[in-house]
């Protein structure tokens, strides 16, 4: 990096489970210009100051969802966050509400298991390729299109106070994906997903703070998906009560 670049102090959370009792912060002096992302800055630290710094990243384009972390206590993607917005310094921490494995790397096992549990794929559609494309109208696609933009970054879980209180809550992304498929005209698997949504750790754990939608980097609006999920859950309950046994 050029000598005439600006410099900023970055407080970065460090934690090595083999040597540290608890996470701590180390301050690094990092050069930056108008185009330097937080991910670039972390790369500078790793290449020049702390080779043992651990963090996740991949695409650099807000597609893979790998580089989520807390930036001044706000969940953000490092690749979409720019150092020019933090001229007075910045504090970087591992993604909130997740167990820390090392430095900025968190254990996302429960997150992945929650996504798997709601079966995020089309179910019950026996249409054969020989029958041609499974067409949808624009109106049918509009029902789920926004919810299909989720990149599984986990920022909504870091923002969710209920997930912080109850780590068994399946969470915003899982419920959003369930709603994405439940509202897809090609899918017939809502009945298989409803037990997850109706359960103790399903949609009714949400108290509708709405912060999950504020931090979503793809504007998926998981808060709206959860409220739709509550309506579907209530309808499912009423139908079950009235249905003859």
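Glycine is treated like the rest: Cβ placed from N, Cα and C.
Listed in Swiss-Prot for this protein:
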type	residues	note
BINDING	15, 227, 228, 229, 230	menaquinone binding site
BINDING	59, 64, 67, 79	[2Fe-2S] cluster binding site
BINDING	150, 153, 156, 216	[4Fe-4S] cluster binding site
BINDING	160, 206, 212	[3Fe-4S] cluster binding site
DOMAIN	13-98	domain '2Fe-2S ferredoxin-type'
DOMAIN	141-170	domain '4Fe-4S ferredoxin-type'
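Mapped onto this structure are the features recorded in Swiss-Prot.
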residue: 15; record: menaquinone binding site; Cβ within 10 Å: 20
residue: 64; record: [2Fe-2S] cluster binding site; Cβ within 10 Å: 16
residue: 79; record: [2Fe-2S] cluster binding site; Cβ within 10 Å: 23
residue: 153; record: [4Fe-4S] cluster binding site; Cβ within 10 Å: 26
residue: 156; record: [4Fe-4S] cluster binding site; Cβ within 10 Å: 29
residue: 160; record: [3Fe-4S] cluster binding site; Cβ within 10 Å: 28
residue: 206; record: [3Fe-4S] cluster binding site; Cβ within 10 Å: 24
residue: 216; record: [4Fe-4S] cluster binding site; Cβ within 10 Å: 23
residue: 228; record: menaquinone binding site; Cβ within 10 Å: 19
residue: 230; record: menaquinone binding site; Cβ within 10 Å: 17
Mapped DSSP class for residue 153 ([4Fe-4S] cluster binding site), helix or strand or coil: coil
Between residue 212 ([3Fe-4S] cluster binding site) and residue 156 ([4Fe-4S] cluster binding site), the C-alpha gap once rounded to whole angstrom: 4
8 Å Cβ shell about 59, 64, 67, 79 centroid, [2Fe-2S] cluster site members excluded: 39, 57, 58, 60, 61, 62, 63, 65, 66, 77, 78
64, 150, 156, 227, 230 screened against residue 206 ([3Fe-4S] cluster binding site), Cα within 10 Å - retained binding-site residues: 227, 230
Most Cβ neighbours inside 10 Å, all chains, among the binding-site residues 59, 150: 150
Binding-site residues near residue 67 ([2Fe-2S] cluster binding site) (Cα-Cα within 10 Å), from 153, 227, 228: 153
Rounded to the nearest Å - Cα separation of residue 153 ([4Fe-4S] cluster binding site) and residue 227 (menaquinone binding site): 21
Residue counts (helix, strand, coil, in that order) that DSSP gives for the domain '2Fe-2S ferredoxin-type' (13-98): 18 helix, 25 strand, 43 coil
Listed in sequence order, residues with CB under 8 A of residue 227 (menaquinone binding site) and six or more positions away: 208
Residues near residue 229 (menaquinone binding site) in space but at least six apart in sequence (CB under 8 A): 175, 178, 179, 182, 197, 202, 203
Spatial neighbour of residue 59 ([2Fe-2S] cluster binding site) that is closest, considering only the binding-site residues 15, 150, 216 and their CA atoms: 150
Winner by Cβ contact number (other Cβ atoms within 10 Å) across the binding-site residues 67, 212: 212
Sorted by sequence, non-150, 153, 156, 216 residues with Cβ within 8 Å of centre, [4Fe-4S] cluster: 65, 151, 152, 154, 155, 172, 173, 176, 212, 215, 217, 218, 220, 222
